[in-house]
Amino acid sequence: MKGAVGAKTWRLEPETEFRLEVDFDQKVTVTLLEGLAEIFGTELALGVPYVFSGRKIAVFTWQGYGTPSVDYVAEETPMTSYLNTHVALDQMRQAAAMQGGNGPRVLLLGPPDVGKTTLAKILLSYAIRQQHQPLYVNLDPTEGSITMPRSLSATSLTHMLDVEEEFGSSATTAASLGSSIIPISYFYGHASPADNTKLYKILTSNLASAVRGKMAQDADARSSGIVIDGPGLVDSVGYEIIAHTMKEFEVNVVIVLGHERLFSDMVKNHSQQSDISVIKLSKSGGVVERDSEYREKLESREIHDYFYGTSRFELSPYSLLVNFDDLAIYQIGQSNMAPSSALPIGMDRHITETQITKIEPSYSLSHSILGLSNAERDEEAHLVSSNLAGFVYVSAVDEIKRKVTILSPAPGRLPKKYLIMGSFKWLEP
Ligand code: ATP
């Protein structure tokens, strides 16, 4: 591969990668001039300038081009082991297609910043390149991926991931408003599964049931299987969630990245189940730890892109003025609650983890991201189990005029009656 970065041209040898970190206030253009190369599994088109901002990426080549590599080019990458994993998954997909059965249900595990999402992209892209249509499930509420941060989602991937937009939250905004089937998302509303474990587990079960429905109807999705990006929790709550996720999604391939103890615990826990494979893969030397400032910027950009799109796919959100009395906003449970099981015997909790509370509009709503529920009634079980049509943003609250200004991807009235609130705020830049 030969490419140009800014004013520089780089040559890559086979199986090496060129790593780039671009700040949010910078733009770097990468153009592939000769050969073949990919970014996290998606091939670059020859001669097309790709623009990156606020991204940490690796341009990888299997084939390479010509003469020796130069600085900043990493020769040690775990890409061969990732490709071998893909080959094994592909064999499972082919067997499933022939027998009409389910393809692999893969769960990616490991602490934060080990490259779980990146590996998910690589495995999904390789599957798509071989004409499969895998389902991508995001159970990491810190990342929006295909919709909005703080939500849990599943989507059927039929096209290659975009090199610049990755999962492309903006591109799915319109689709998610028009379609309640796929991508499907549930608003969890909090950053960590530990904030409301019971709700997190209920939503995971709902998502798994939607995925089962999709797989039952669609033979291609069924044989292609699922790739699940797990949350980065490796404590006791994390283990409880892993066990729950494995049961609900009938996971049969567990991939552990960058955590020895988690790997040996997974091997131990599933040693009796011959139908479950537990694989350990190395963390890439290129995975970058993201500090809280970087993560905040990333989250802010994901939210911005949801409403406004990106430079390639611009969206124009609408500003709606809604009367306090026309809003039905609910909070589900509370964040940071100890689970009911942790309360002293005999003590009852006033608010349970899934109890719904109607929120009276006030200034405290300002800057909240709210989920637009597909629910038709405000009964607890129905509201908790309903998925989302999309999201809106509360840009201003006027307590005197009793009106709320709402930023919505759709014009006219609010497209749904019930709104769900979490502990999720955004300061529009
Ligand atoms: P979390 O659980 O916290 O979401 P994660 O385990 O999913 O993290 P990733 O999001 O995949 O980790 O990776 C962390 C960062 O490292 C990302 O910005 C990603 O683009 C970057 N990264 C991953 N692999 C490479 C690589 N080979 N070269 C350069 N950057 C990389």
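Heads up, the Cβ atoms here are built off N, Cα and C, so glycines get one too.
Predicted automatically and left uncurated, TrEMBL annotations should be read as such.
Quick caveat, the model's predicted, so the values are computed rather than measured.
According to TrEMBL, the protein has these features:
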DOMAIN    12-96  domain 'Clp1 N-terminal'
BINDING   E17, K56, D113, V114, G115, K116, T117, T118  ATP binding site
DOMAIN    110-309  domain 'Clp1 P-loop'
DOMAIN    315-428  domain 'Clp1 C-terminal'
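Positions of TrEMBL features highlighted on the structure.
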residue: E17; record: ATP binding site; DSSP (3 states): strand
residue: K56; record: ATP binding site; DSSP (3 states): strand
residue: D113; record: ATP binding site; DSSP (3 states): coil
residue: T118; record: ATP binding site; DSSP (3 states): helix
(message) At a 10 Å cut-off from the C-beta of K56 (ATP binding site), count the other C-beta atoms across all protein chains.
(response) 17
(request) Could you tell me how many residues in the domain 'Clp1 C-terminal' (315-428) are helical, how many are strand and how many are coil under DSSP? (result) 15 helix, 46 strand, 53 coil
(request) Rank the binding-site residues E17, D113 by the number of other Cβ atoms within 10 Å of each Cβ, and give the residue at the low end. (result) D113
(request) Summarise the model's confidence over the domain 'Clp1 N-terminal' (12-96) as a mean pLDDT value. (result) 84
(request) Run through the Cβ atoms and count how many others sit within 10 Å of the one on V114 (ATP binding site). (result) 22
(request) Within 10 Å of each Cβ, count the other Cβ atoms, then let me know which of the binding-site residues T117, T118 comes out lowest. (result) T117
(message) Within its own chain, what residues at least 6 apart in sequence put their Cβ under 8 Å from the Cβ of K116 (ATP binding site), listed in sequence order?
(response) L108, L109, G110, D140, D229, G230, G232, L257
(request) Let me know the largest Cα to Cα distance in Å among the ATP-binding residues E17, K56, D113, V114, G115, K116, T117, T118, as an integer. (result) 19
(message) Using Cβ atoms only, which residues of the same chain lie under 8 Å from G115 (ATP binding site) while being at least 6 residues apart in sequence?
(response) L257, G258, K283, S284, V287
